[in-house]
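What TrEMBL lists as transmembrane segment is 20-44, 64-83, 122-143, 182-204, 254-282, 294-316.
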Amino acid sequence: MKVEKAVSRTLEIYLRIFGIWPNTSGILLLRVFWTVMIAFEQIFQYRYIVMRYHSIDFSKVIDVLSAAMTYTIFSFKLVIFWYKQRTLSRILTMMAIDWEKCTRTKFSMFATTCNAKLSQRLVNMTVIIYSGTVIFYSIGVIFQQTNNDSATNGTKQFILDMDLPFDANQRFIYESVIVVQFIHLLLCADGMGLLNIVLINLVLHISGQIDILRNSLMEVFPKKKKRSPSRFTIKEIIKKHQEIIAFSEQVEDLYSYIAMVLFVTDTLIICGLGFTIVASIGEPNASKNIIRNIMFYFVMNMEAFIYCFAGEYLSVKVKTLNVKY
């Protein structure tokens, strides 16, 4: 099975890290690890909001709540992918079979390879964008603490605001928390973005199969020359059409609940981040807060766009198939 050609190596590595890739060694331990890590992170973040709700600005509450809700969305995605592992396994198997069949004709090979290369570029671009977002989100806190020695006497700021159950103002403990937060945030941000790109990867694969089906129809039923196609060719076209429908149903089963939740949560987070950015204008730390949240705001809009794009792109593809036919 040519699964490695259907999915980029970078995407496969991240799916293995989060215990999503089928038949990953130690997959149960990975899932327990991420469940514990994200659970503690969520508890400490929401505890920060509850404990300090009346003592901090409303814009700060929205800022922390937006970050916490983003982790909540990511944890929901992980649970869905873990629960739907068999569905993902069937999808990967179907993609591998399509890759084996695409060598039969030049057009099939071209269509499948072109979409696979585009998917690989999107994966690399997503890792760069989300990693850059984490750096923009974290760099202000890191530089502020390294250049401000007076902060050792008071409460220090973390990359992710949390109410920890221990004193984290000591230098070694604080630096350890910052390092753990940065690595955890970097992995989770990249993972969140790549789970969205999985959808684009699957949509592009369906698109390639639709192009192959359309090309087969045009060869069997040419506009100028009239000839009767063989029964075998007709059966192959019908079978290809059924495979595309079956693949689309598997993708819908995998992403239907995720899309439903994102419709509400992404809207709330985007509005919250927009409010935070606007409220920061005119304040002493305006530039710091805007830099911290502008990329965050961008990637959340990009996530919403991906899910809208996926549905519209497939609709257009199906319409072009009907027109050509």
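Placement of Cβ uses the backbone N, Cα and C atoms for every residue, glycine included.
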Cβ contacts the transmembrane segment (254-282)/the transmembrane segment (122-143), at least three under 8 Å, sequence gap 6 or more: no
Chain residues outside the transmembrane segment (294-316) and at least six past its termini with a C-beta under 8 angstroms from it: 66-67, 70, 129-130, 132-133, 136-137, 189, 192-193, 196-197, 199-200, 203, 206-207, 248, 255, 259, 262, 266-267, 269-270, 273-274, 277
Intrachain neighbours beyond the transmembrane segment (64-83), with Cβ under 8 angstroms and 6 or more residues off its ends: 18-20, 31, 34, 38, 41-42, 45-46, 48-49, 160-161, 188, 191-192, 195, 254, 257-258, 261-262, 265-266, 268-269, 272-273, 276, 296, 300
Residues of the parent chain within Cβ reach of the transmembrane segment (20-44), under 8 Å, 6 or more residues beyond its termini: 12, 68, 71-72, 74-75, 78, 81-82, 85, 88-89, 92, 160, 162-165, 184, 188
